[in-house]
Amino acid sequence: MTELSESTTSKFVTINEKGLSNFRIHLNDAGQGEAVIMLHGGGPGAGGWSNYYRNIGPFVAAGYRVILPDAPGFNKSDAVVMDEQRGLVNARAVKGMMDALGIDKAHLVGNSMGGAGALNFALEYPERTGKVILMGPGGLGASLFNPMPMEGIKLLFKLYAEPSLETLKQMLNVFMFDQSLITDELLQGRWANIQRNPEHLKNFILSAQKVPLSAWDVSPRLGEIKAKTLVTWGRDDRFVPLDHGLKLVANMPDAQLHVFPRCGHWAQWEHADAFNRLTLDFLANG
């Protein structure tokens, strides 16, 4: 088997969806079997490969086709200013990508912004949704216990507005529980992505000015999602509050919750081995 790397799995598709006309989506695509689409978060410099390179190998080895798209306006995908809430537009992008790749149905894995996209996809395209795995998803409105936005989201917007290596360090320090995991390689790679795509940063701010984060809230519709769902959370998440996990399992018909201790907002990276075991078991047996 060809070694999995960003370059060996990289490809582009062109989609045509509402708000995304003749739009190029970049993705990494590896393996054969049932499709698992992993949707990344919304921090500056984020992308499919950088969010999930600790997960793609075990999922491919377990017999899945793993697809890591760059969301519209991120990394190598085309630039865009959005006039609708981002979770919905990103869900349309996933649907368009599936059409282009000839995929009828897929399991969805979504972190933060990617979780919001997964929730919107499950609502808009239930017949094309397999199982759903969420990690600290956005798009769930107010918190019972925390003032919103939380500390991490404030730093995220600061980094979008005033990109600097120092602000990136500040955000990553809040991002993860164990700050020793913030290697120079991770820091420099993320910073390089930020510098490579200044248009993406400006467009994210413009989109947020047009459509505020409060518009992402799909809480009133959670009962419509019939897909089997595994909700995971970092106990120490400083971006999205843990009580949102309880909101999900209280309102979705078939959802369960797993909380990782000593874990921030990036469970699939901070606790990659445990996350891979848990989620692969859920896909096979959940």
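Keep in mind that glycine also has a Cβ here, set from the backbone N, Cα and C atoms.
Record check, Swiss-Prot: substrate site residues include GLY42, GLY43, ASN111, SER180, ARG190, TRP266, and the candidate from ASN51, ASN173, ASN197 also listed there is ASN51. Annotation: GLY43 carries the greatest number of neighbouring Cβ atoms among the binding-site residues GLY42, GLY43 [cut-off 10 Å, Cβ to Cβ]. Confidence for the domain 'AB hydrolase-1' (36-271), expressed as mean pLDDT, is 97. Each of the recorded positions ARG190, HIS265 was scored by other CB atoms within 10 A of its CB, and the lowest score goes to ARG190.
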